[in-house]
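Visitor: Okay, handing you the structure first.
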Amino acid sequence: MSSALNPTDFVDFKLKNIRKLTHNTSRFTFDLKEGQNLGLDITSCVVTKFVGEDGKPVIRPYTPTSDADHTGSFDFVIKRYEGPISKYPLAANQHESVNLIAGGSGITPMIQIVSSLLKNKTDKTKIHLIYANVSPQDIILKDELDAYAKAHPDRFKVTYVVDKPTEGWNGPTGYVTAELIKKSIPDIGKGNSKVFVCGPPPMMKTVSGAKGPNFTQGDVGGALKELGLTNDQVFKY
């Protein structure tokens with residue numbers, strides 16, 4: 001199996017399909033040559049470059065939502081939001097539990113974590129995802145997340161949170177607070193566990209504290225600090 005990426009130069013890929021997921025988010029599928037995959041570690045990102053009509057290159061980092069070892073194609077879920085370049089070498093059974101807190105398009109690295117851990121039959125990691133959005137219509141990849149929860153009820157649980165609920169919504173509403181986190185994940189921070197956070201800057205600030213200069217992790221703040229978590233228990237995208 002060979003990697004389709006070049007660590008020192010950009011590589012051209014053919015756009016195969018665009019599928020609209022929500023009113024402002026789409027899944028872009030790109031072709032790979034036979035026998036190729038991206039060859040990335042879990043939750044790694046790909047730095048992309050696109051040249052627009054004005055001739056100016058636009059460079060953005062994206063985390064693939066397809067499995068790291070998937071061949072034939074790869075996917076990006078893209079929203080008009082620029083995220084940081086981050087990397088955490090997560091391995092099977094590395095932690096007893098992995099707790100994920102995402103907002104909006106911050107779900108992309110979390111999807112890869114969930115997919116990679118759940119498809120490994122030797123992995124026993126418990127996963128809980130808190131996923132916040134403005135409204136139910138903004139929830140990205142909900143069908144896939146619900147399917148994972150149904151297929152792995154003993155290992156994966158997802159809690160959806162919306163700020164502007166529609167009629168019939170029966171989940172939590174408002175913002176991700178220390179109280180909501182504790183209610184959803186009572187044992188957060190206990191034992192050999194890790195918390196991953198990814199979302200818009202205002203959410204990051206209130207949940208985990210902002211990242212440090214030059215995309216460093218910075219100190220834990222916000223709701224997670226209030227709950228007693230330490231720097232080594234939290235990873236910020």
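Cβ atoms are placed via backbone N, Cα and C, with glycine included.
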Visitor: Please pick, from T29, T108, the residue that TrEMBL records in the FAD site together with R60, P61, Y62, V77, K79.
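Guide: Answer per TrEMBL: T108.
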Visitor: Among V77, T108, all listed as binding-site residues, which has the most CB atoms within 10 Å of its CB?
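Guide: Compared across V77, T108, the most Cβ atoms within 10 Å surround T108.
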Visitor: Count the other Cβ atoms sitting within 10 Å of the Cβ of P61 (FAD binding site), across every protein chain shown.
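Guide: A count of 15.
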